[in-house]
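Taken verbatim from Swiss-Prot:
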- 67-87: transmembrane segment (TRANSMEM)
- 88-108: transmembrane segment (TRANSMEM)
- Asp118: active site (ACT_SITE)
- 127-147: transmembrane segment (TRANSMEM)
- Asp136: active site (ACT_SITE)
Amino acid sequence: MSPRVLGALVAALTLAADQANKLWLIFVYGIEQRQPIALAPFLDVVYAKNPGISYSLLSARTDFQRYALLGLTLAATIFMILWLWRSTSKLIACALGLIIGGALGNAYDRAAYGFVADFYHFHVGSFSWYVFNLADAAIVAGVALLLYDSLFSARGAGTGGKSRGEGASAL
């Protein structure tokens, strides 16, 4: 399977899993009326409406702000799609697929509902992490894979900093 096809498949599966999870929790399970649900001593399922991005940064309270944030998300997604199209590395294709699928999942929420639905809340004692969704987890995993590739991929002499998987010579 080519990196392009692999990345597109990962993006589609990520988007589908994210949207299915959100729709099931909201409309089938009814999380809004049943929260919080303790999955583990450190993990709850809750329902949070996030008008911004991670940590509610760039909170979009007006229609203009929401559409500006949506436009920024779509521009970044287009950049990632172009990067995926040029990728020759399956690792990078998977990473970009995770980021693209997650970004599209959250962009859909923002366009359709005016906010992103978040559900998962990690906490230990008084420490509390932000509430996130599968799309956010996919984006973080994709960025982690890109970081892994940039730190640990074999580098060839004269590659201009490119990993072998991205068109660099193995010599």
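Using the three backbone atoms N, Cα and C, a Cβ is placed for every residue, glycine included.
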Distal contacts, the transmembrane segment (127-147) - CB-CB under 8 A, six or more residues away: 14, 17-18, 21-22, 46, 48, 50, 54-56, 91-92, 94-99, 101-103, 105-106, 116-121
Cβ contacts of Asp118 (active site) (under 8 Å, same chain, 6 or more positions away): Tyr47, Ala48, Lys49, Asn50, Tyr130, Val131, Phe132, Asn133, Asp136
Local Cβ density at Asp136 (active site) - other Cβ atoms counted within 10 Å: 22
